[in-house]
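Student: The feature transmembrane segment is assigned by TrEMBL to 16-34. Residues annotated as region 'Disordered' in TrEMBL: 120-226. According to TrEMBL, the compositional bias 'Polar residues' annotation covers 135-144. Annotated compositional bias 'Basic and acidic residues' per TrEMBL: 191-208, in sequence order. What TrEMBL records for 217-226 is compositional bias 'Acidic residues'.
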Amino acid sequence: MIKQTWANLSPQKKKWTVIGVAIGGVLLFVWGLSSLGGEVQRKTNAKPTITNVLTDADPRGVGLDSLNAEQRAQSKEINDLKLTLKNLMNGTQAQQATAAGLKEIQGQIGDLTAQLEATQAAQQKAEQDNRDLSKQLQEAQSKAPTPDKAAELERKAAQQQTQAQERQRYDRTLMDPNRNQGNFFANAPAPEKEPEKPGAAPKKEEPPKIMSYGDEAPAEDPDADAKEEDVYLPAGAILSGAIITGIDAPTGNGARKDPFPVLLRVKKEAVLPNRFRADVRECFLIASAFGDLSSERAYMRAETISCVRDDGGIIESGMDAYASGEDGKAGVRGRLVSKQGAILARSLMAGFMQGVSDAFSVRQVPSISIASSGSGT
């Protein structure tokens, strides 16, 4: 059908038909291409829509930001007001406390002022009393005799009384002066004062001296006949002391025959039998000591004890005693100093060195000499 129609067409129509079909094909091809990638290209190259005319930001957003900013500013102002109010309240409380303190101080000042006024009044009264007393004292002193005159009067009265008593004793012994010559001359009255010659210098009066001579025997010193107490240390007395000089006690065979000396100081009172004690503190004790190798102890025997008394006297006497250590046994435990180890070490070293020297020494090898007789077989 289409072929017959195409065959019946004129050449001019065929031309226009081909052109139209070609144009339609081109349009169809363009439309197909546009439908595949034209929309993406259009979105990419599309210009953004202008929504803000007066400002760059969204008016709605600008309004919200401004509201938030105003709210923050108001919150800050409120906080500042709260802080200011709190400071004012604290200042008000401090002012109230200061006012209360000022009132209390004013009250104390008032009390102190009253006390000061009372003290001043008492001081004025005391000054007035002192003035009155000084006036009374001056009046009494003006009326009373001076101390020198009063002392002179008292001395004269005492002298007159003494002379009267001496006169009475002299009168009593005058009847029989040979019976008690001492009282006769002792109770003799003092000679009367000689009249002064005109033009002579006045003599110095010496106070009378009274000397009594009686038959009473002189008082004896009660301690003169007192016997000196002797310090005696019986057997078994215990002395506690400390070694002053150290000692290296020898342990040889001849140590007991020739022991070493040692000095001790007694530190406590001596304990005697039956709970008695003797004061021998700070006395010195000389002992002899020797050592024992098996028991590792130093045995000491006392020889001489010396003391100085309070009056300066010296006591020195022989003494037989022995020393015991803290364990109660005879002898004092010490540290054993033995040199046997050093001797053994030196012996071992000498043997070792001798062996080494023997190893490197040249030993002579015995040789047998065979002398030829000069004849062959």
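Note: Cβ is positioned from N, Cα and C throughout, glycine not excepted.
TrEMBL labels come from automatic prediction, so no person has curated them.
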Student: Should anything in the same chain at least six residues away from the transmembrane segment (16-34) have a Cβ under 8 Å from its Cβ atoms, list it; otherwise answer none.
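Tutor: Residues packing against the transmembrane segment (16-34) from afar: 9.
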Student: For the compositional bias 'Polar residues' (135-144), how many residues does DSSP put in helix, in strand and in coil?
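Tutor: For that range the per-state counts are 9 helix, 0 strand, 1 coil.
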